Amino acid sequence: MDNFLALTLSGTTPRVTQGKGAGFRWRWLGHGLLELTPDAPVDRALILSAGIHGNETAPVEMLDKLLSALYSGSLTLTWRVLVVLGNPQALAAGIRYCHSDMNRMFGGRWQSFAESDETRRARELELSLETFFSSGQARVRWHLDLHTAIRGSHHLRFGVLPQRDRPWEADFLAWLGAAGLEALVFHQAPGGTFTHFSSEHFGALSCTLELGKALPFGQNDLTQFSVTSQALSALLSGVETSTSFSPPLRYRVVSQITRHSDKFALYMDAQTLNFTAFAKGTLLAEEGDKRVTVTHDVEYVLFPNSSVACGLRAGLMLERLP
C-alpha cells in the first residue's frame, strides 16, 4: 500500500486491501482510511489525520512521506495507527470543503447540517475511530490532526487542544513542543472538531496542529515542516524526541465571536494575523445593537473570519497563560 494518497485522490479501490509491510500489517479500510498494526504487541494507539479541509495539503504530503518510510523499512512502527485523510473529495478538488465544514460536525453534530458528502463522511470517521479504539487494548491513546491555516500567524506553528476534564499529560505536551509548536491554545468548552470527538468519546490525548499556510498540492516547501516531520518519525518509531526546545506559550479561549445574521460586522481585515493582540475595550465586532469588545487587559484573536455562514464561529479570543 505505497500508493495510499494516489488511491484516495482518485477514489480508486485497491485490488489488494491488506498485506504486510516491514514489521507491520496494513489494512485498507475505505477511501482515505488505512490501519497499520505492528507485528510485535503494543499498547499504544495513534490516530494520524490530515485533509479534514481539502485545501490544506502539506500535512497530507507529510503523512505520505511517513508512510513511504514505513513501507521501505527505514522507519520502524511501534504504535497501532489509523491514518485518516479526512475529506477525499475536497482534497481531489483542491477546495476547503464541498458543502460544509466537516470540522464543525463531529460528536453527532453532523445531524444538524443539511445532508451532504461531508455529513456522511463525518459519520463514517466517527464509526472508524470507534472500531479502531474498541479493537485494541491500548493503554495510551493519541490523536494528532494535522492542518494548515488560511491566514498568517504570529506563531507559525501552534496547537489547539480540546476541552478536557482531566489534566493534560506532561509527555504529550512536551512532544507538541518538540514537534515545533510555538504556542498551545486550550479550549474551555466542547466543540465539533475531530480532536474534541476523539478526546471526549475515547479519552485520547488530542491536538489540532496548525503547521503553516494552506497551499495546493505540489506547491508546499516541506522543509518548512521538517521539525514536525522528524518528531512524528521519532514518535512512530518509539525514539525519544529532543528536549532542546523552548516550551510553547500557552493561551486559553476566553470567548467566541459568532456571526448570527447578515448584519454582522467583524472589525478585522484579511491581513489580521492569528494571535494579534487587542487592548481592553477594543470594539471587535457588531451585530445590530450587540457589540463585542475586549474584556481582559489584553486578548489575542485566533481564526478571525467575517465570511463564515450564519451561526458559525467568526473568531476566538484568547488570554495568555502564565
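Using N, Cα and C of the backbone, Cβ positions are placed for all residues, glycine too.
Model, not experiment: these values are computed from the prediction.
A C-beta separation below 8 Å, combined with a sequence spacing of at least six in one chain, links GLU56 (Zn(2+) binding site) to ALA50, ARG96, HIS147, THR148, ALA214. For HIS53, GLU56, HIS147, the entry in Swiss-Prot reads Zn(2+) binding site, with the evidence type sequence analysis.
The annotation active site is assigned in Swiss-Prot to GLU210. Residue environment of GLU210 (active site) contains 28 other Cβ atoms, counted within 10 Å of its Cβ in all protein chains.
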(message) Return the residues near HIS53 (Zn(2+) binding site) by Cβ distance under 8 Å, restricted to its own chain and a separation of at least 6 in sequence.
(response) GLY86, ASN87, ALA90, ARG96, TYR97, ASP101, MET102, ASN103, HIS147, ALA214
(request) Return one of helix, strand or coil for GLU210 (active site), based on DSSP. (result) strand
(message) For the Zn(2+) site (HIS53, GLU56, HIS147), what does the 8 A shell look like? I mean other same-chain residues with CB within 8 A of the CB centroid.
(response) ALA50, GLY51, ILE52, GLY54, ASN55, PRO59, ARG96, LEU146, THR148, ALA149, ALA214
(message) With every protein chain in view, what's the tally of Cβ atoms within 10 Å of the Cβ of HIS147 (Zn(2+) binding site), excluding that atom itself?
(response) 24
